[in-house]
């Protein structure tokens, strides 16, 4: 039976069904348990990073090689014809589509991945981040990590802490978890960085429970997942940043009343919003989360490039 992800563009989380998300999570678990080095043998994947990336690019390229594919591409968009000779993104994509079986693309411009998908001649485009818009494969590894640690994706209490206004990871993960049953969200942020209205309106329309908070200490005892994010210094003046930052620092002491199954996640890099003493607690899972990016991306690539997987 053909899987619904075969040759599908992976541009945004809302375009993926619950069944597709579950298939990716299940396949990631299988590949973590039993590696398969020939899943995309003889397939060539373009890794096109028009802005700097460390974890995402290395994770994708590792995933491609571990399941038997070959990688071509670049990690510095400034040295491409697009930048140096004025070539349009659409022209670049049309040319590269002649060489490869799939695109992985990160670009600073919102909507760039969708534009690429319109000019790729049917070659599937996987969005590795387009500006502040979407980062769907981060969400896939987050879902896999939550499933791995909680043994479920339904019936969860999940808190997001920090920059909820600009953080594309929290927007995408909220949209993904909203497809599951009995999810209760806790959004913890200063008013200036609160979750955007469009996300809250979607939750209201779907009848999904959420609450807004400015203090995380009071919600920690209720949580299964605590998802921390960095408060971005560049968005505040010095005194305002110092005040906001100090309110959203997770320490080991704050976790003393947490549920035994609570896991702390973070898309990384962290600055000082999680103190290093948290690393030694059984709740810390952000480094394993980053490692899971390889398996989630292996699963996605395998499904996009195999008709009957």
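Just so you know, glycine gets a Cβ as well, placed from its N, Cα and C.
Per Swiss-Prot, the features are as follows:
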BINDING   55, 56, 106, 135, 138, 268, 269  carbamoyl phosphate binding site
BINDING   85, 168, 230  L-aspartate binding site
With every protein chain in view, how many other Cβ atoms are within 10 Å of the Cβ of residue 56 (carbamoyl phosphate binding site)? 21
Same-chain residues at least 6 apart in sequence with Cβ under 8 Å of the Cβ of residue 269 (carbamoyl phosphate binding site), in sequence order, are 230
Which number gives the other C-beta atoms within 10 angstroms of the C-beta of residue 230 (L-aspartate binding site), all protein chains shown included? 19
Within its own chain, what residues at least 6 apart in sequence put their Cβ under 8 Å from the Cβ of residue 138 (carbamoyl phosphate binding site), listed in sequence order? 56, 129, 169, 172, 173, 267, 293
Number of other Cβ atoms within 10 Å of the Cβ of residue 268 (carbamoyl phosphate binding site) across all protein chains: 17
Lowest local Cβ density among 55, 106, 168, which the record lists as binding-site residues, within 10 Å: 55
Of the binding-site residues 55, 135, 268, the one whose Cα sits nearest to the Cα of residue 168 (L-aspartate binding site) is 135
Specify the secondary structure state of residue 106 (carbamoyl phosphate binding site) as given by DSSP, simplified to three classes. strand
Including all protein chains shown, what's the count of other C-beta atoms within 10 A of the C-beta of residue 135 (carbamoyl phosphate binding site)? 25
